[in-house]
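Student: What TrEMBL records for this protein is below:
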{"type": "REGION", "residues": "1-22", "note": "region 'Disordered'"}
{"type": "COMPBIAS", "residues": "1-10", "note": "compositional bias 'Basic and acidic residues'"}
{"type": "DOMAIN", "residues": "65-475", "note": "domain 'Major facilitator superfamily (MFS) profile'"}
{"type": "TRANSMEM", "residues": "130-152", "note": "transmembrane segment"}
{"type": "TRANSMEM", "residues": "158-180", "note": "transmembrane segment"}
{"type": "TRANSMEM", "residues": "192-211", "note": "transmembrane segment"}
{"type": "TRANSMEM", "residues": "223-243", "note": "transmembrane segment"}
{"type": "TRANSMEM", "residues": "329-350", "note": "transmembrane segment"}
{"type": "TRANSMEM", "residues": "357-380", "note": "transmembrane segment"}
{"type": "TRANSMEM", "residues": "386-407", "note": "transmembrane segment"}
{"type": "TRANSMEM", "residues": "419-437", "note": "transmembrane segment"}
{"type": "TRANSMEM", "residues": "449-470", "note": "transmembrane segment"}
Amino acid sequence: MSSIDEKKSTEASGSTSDPAPVDTGSVVTLKPDMALQFLTAAKNDNVDVSTIDERSLRWKIDLRLMPILCTIYFLQYLDKTLLNYAAVMGIRANLTSSEYSNLGTIFYVGYIVSEPITSYLMQRFPLGKYLGINVTLWGIVVCCHAACRTYAPLMVIRVLLGVFEACVAPALVLITGMWWTKPEQSRRTGLWYMQIGVAQIVGAAISYGFQHVNSTKIANWQILFLFMGCLTILVGLATIFLLPDNPMSARFLSRGEKVLAIEHVRKNQTGVENKDFKWAHVRELLFKDVQTWPLFFITVLAMIDNGAVSNFSSIIISTFGYSNQRTTIIQMPSGAVSIIATVFATYLVAAVGERALFVAIITVPSVLGAGLLLGLPAHLKVGKLFGVYLLNFCPAMLPIIYSWGAANTAGYTKRAMRNALTLVAFCIGNIIGPQMFKSKDAPNYNPAKIALIVTMSLVIVFAVALRHLVLWQNKKRDQEIAEIGFNKAENFEFLDMTDIENREFRYSH
């Protein structure tokens, strides 16, 4: 990771509905951004920043924060998909196919119900500590899986896992927005999101290793859950003490470094943090912002594929006639595909800025993969296996969606609720995905494969349409500024205005 050249193109964001131009000098907010309060105090105290090397500061921030964010996202994905690996280790012995599908679904029910609540709590409480506590709690829940051998207790424990994991993605998106500019956010989001691929590789390797552990007192899948749960608890406790809540409270930075860190993200026009929850921001998101629902349905449709891959990839591969141990190892390249797709998408988005087009482009291989699974005869195992690997391209668009929402949303409450809405869409897609694989359709599951082709094709259509909408909005705002003008208040970037209120805001597409 390196410092981003300030001369690189800055992605401007803007909102959706288009009311009359706003004079920022007259905008009234309940509270300014916490960063503005910090900058004002630093200015009054004549804090000197002239001797601080900004490039070194960027590295210092990266090296402190990114390992924590990457580790948390790695564990979040691995812990929730341990059920996929445990499926070939014996946990399905007491479960029907429908019951196993329900276990994949009920996790996201807990997730979706708690998402708005946890997003509200993240704004009200210190973000780093809130995240660390939730990581610790879900680690305890992962350990509890080892005590559950039947359907009913597994359903309860999967709901609790969803509740505590619900804060991870929105918290990481908010943290990324606090510390990095919009092009930098795409790269950093890609770095922590690609831990999904790392988790797929490591998870398969760990599962393969534990399959060779034999005990008369405890099953190998139970040992797997206990090991990963204890590891997660340790990471959660470390997060509480090591992850700062925001740049203003970062103990590893000097006061001057904090000032530079805040000034670095001024051009985002999205602020840093505000603890004052504003219901007007929620209403604007739901009823005025015309980008909200297209982006919502793109996420739902794309995550249907993710739900299928997360919960049924091992079962699909096992239908090719491979042993349980070989099925586990064969899943490892799926992680490599996920990493490649994520790096390809997020780094090119940071360089080029065409989020909508890359959402469409990265979906095409997954459509092809579902087509291979549907169309190839049973004896062409290699081709079908290649189709499973290609399905991992589509979920790699999620970091683009995360950074797209962050780039195009101003106002802290609105940003927090945008993240919550994105994760609700994420859950809905992941709930639908496993339910498409019906017992009566085994072993080919052809109706599910057809549904995957249709939903991912619709993602491409929605992405292209949203791009045209964003370009139209930017053009309309440019015309407004040219005809009417725009009065900027001092430090308007930290007044906690929404993107709709700030007519200088321009959308990323």
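Yeah, the Cβs are placed from backbone N, Cα and C, and that goes for glycine too.
What you see is a predicted model, and the numbers here were worked out from it, not measured in a lab.
On this model, are these features tucked inside or out on the surface, and what's nearby?
Tutor: Residues 72, 75-76, 79, 82, 86, 94-95, 99, 102-103, 118, 121-122, 160-161, 164-165, 167-168, 171, 218, 222-223, 225-226, 228-241, 243 of the same chain lie 6+ residues outside the transmembrane segment (130-152) yet bring a C-beta within less than 8 angstroms of a C-beta in it.
Proximity of distant same-chain residues to the transmembrane segment (158-180), defined by a Cβ-Cβ separation under 8 Å and at least 6 residues beyond the stretch ends, is recorded for 4, 61, 65, 69, 72-73, 76, 79-80, 83, 103, 106-115, 118-119, 121-122, 127-128, 130-131, 134-135, 137-138, 141-142, 144, 188-189, 192, 243, 246-247, 261, 264-265, 268, 270, 272-273, 402-403, 405-406, 415-416, 419-420, 422-423, 426.
Within the chain carrying the transmembrane segment (192-211), a Cβ under 8 angstroms from the stretch's Cβ atoms is held by residues 66, 69-75, 77-78, 81-82, 84-86, 88-89, 172, 176, 220-221, 223-224, 227-228, 324-325, 328-329, 331-332, 334-340, 342-343, 346, 392, 395-396, 398-399, 402, all 6 or more beyond its ends.
Same-chain residues lying 6+ beyond the ends of the transmembrane segment (449-470) with a Cβ under 8 Å from its Cβ atoms: 290-291, 294-295, 297-298, 301-302, 304-305, 308, 354, 356-357, 359-360, 363-364, 366-367, 370-371, 373-374, 391, 394, 397, 408, 436, 507-509.
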Student: When you scan the chain for residues with a C-beta under 8 Å from the transmembrane segment (357-380), skipping those not six or more beyond its ends, what do you find?
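Tutor: Non-local partners: 298, 302, 305, 316, 341, 344-345, 348-349, 386-394, 396-397, 400-401, 446, 449-450, 452-453, 456-457, 459-460, 463-464, 467.
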Student: Taking every residue in the domain 'Major facilitator superfamily (MFS) profile' (65-475), what is their average pLDDT?
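Tutor: The predicted confidence over the domain 'Major facilitator superfamily (MFS) profile' (65-475), as a mean pLDDT, is 89.
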